[in-house]
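**Q** Summarising the annotation, TrEMBL assigns Mg(2+) 1 binding site to 86, 108, 110. Residues annotated as Mg(2+) 2 binding site in TrEMBL: 108, 111, 274. The annotation substrate binding site is assigned in TrEMBL to 111, 112, 113, 114, 202, 268. As annotated by TrEMBL, domain 'Fructose-1-6-bisphosphatase class I N-terminal' applies to 2-188. The feature domain 'Fructose-1-6-bisphosphatase class 1 C-terminal' is assigned by TrEMBL to 192-325.
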Ligand code: AHG
Ligand code: MN
Ligand code: MN
Ligand code: MN
């Protein structure tokens, strides 16, 4: 069996050198984060950091450590103009005079961090935009729509460390090979089946949901004798990375809708660190991504910590949910 490295796969896709080197730096940062995550309880870093991020979440020590690793490795790349992180209030400008061709990297350094103390899968999500003109280094300069992403991906820290990426030519999955230290191609051209019988949502928020979401889940739960005339299975990892990874492997639909508990913020998940990159990956794998009322990647950002409703996965199922919203 021939083994394809991350670099060989990106070169085969004619990825330009700057982007290829940025992807390699991100892969390095993710390996270092994986290492810190794996030391777990021995390193004494599973607890909370006694600080809050701008979104009002209590930070875990590993949220902060992962953010620092990403800043050190990816921030040192000479083509990176700015880093924009879930865990950092302000945009971290690495260049005072950003030029056309420079990159902005948006990232969630540790996704699913509430799962750390129970030893379940967590991950790192990233999104890459290339500036098309010189710009002033201010917050407005990074409020760029998801349709402008040139690459996106995530690392998953599970039983093995995986890296799933797109540079706009489909989605490829790699597995970290501990012996060689390389990410090797293990899931080329990932493809989400258009139909599914599996949904992922935190049903403890049922009372808070809007009517279309409640009706959709009610209909799924009624199974073969209900209006959908098929039985559905349910999964919820509370790590978006793990839930989306499962959907990229075997299909399904993921919902974190706006509800009366998060409406003031516009939803729970973050547009730039979670929704846009996962939206790009899912669409590149043949799925769909929506707020319920439109395509996620077409949302016009109003701030880099902005939140949005997220519905994504198997495209026929996303279409059914959008239909419920229209009715
Ligand atoms: P993060 O750990 O980066 O703050 O993200 C957590 C997110 C996401 O990973 C997951 O889908 C969702 O929060 C889980 O929310 P609930 O705890 O409401 O289920
Ligand atoms: Mn968080
Ligand atoms: Mn997250
Ligand atoms: Mn996070």
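Cβ atoms here come from the backbone N, Cα and C positions, even for glycine.
Explain the structural surroundings of these features, please.
**A** The secondary structure of residue 110 (Mg(2+) 1 binding site), as reduced to three states from DSSP, is extended strand.
Listed in sequence order, 256, 262, 307 are the same-chain residues at least 6 apart in sequence whose CB falls under 8 Å from the CB of residue 268 (substrate binding site).
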**Q** So among 114, 202, 274, all listed as binding-site residues, which is physically nearest to residue 108 (Mg(2+) 1 binding site)? Use the C-alpha atoms.
**A** 274
**Q** Taking only the Cα atoms, work out how far residue 113 (substrate binding site) lies from residue 274 (Mg(2+) 2 binding site), in Å, as a whole number.
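**A** Taking the Cα atoms only, residue 113 (substrate binding site) lies 14 Å from residue 274 (Mg(2+) 2 binding site).
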**Q** Please state whether DSSP places residue 274 (Mg(2+) 2 binding site) in a helix, a strand or coil.
**A** helix
**Q** Given the binding-site residues 110, 113, 114, 202, 268, return the subset with CB under 6 A from an atom of ligand 3, ordered by sequence, or none if empty.
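**A** So the answer is none.
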**Q** Cα-Cα separation of residue 274 (Mg(2+) 2 binding site) and residue 86 (Mg(2+) 1 binding site), in Å?
**A** 9
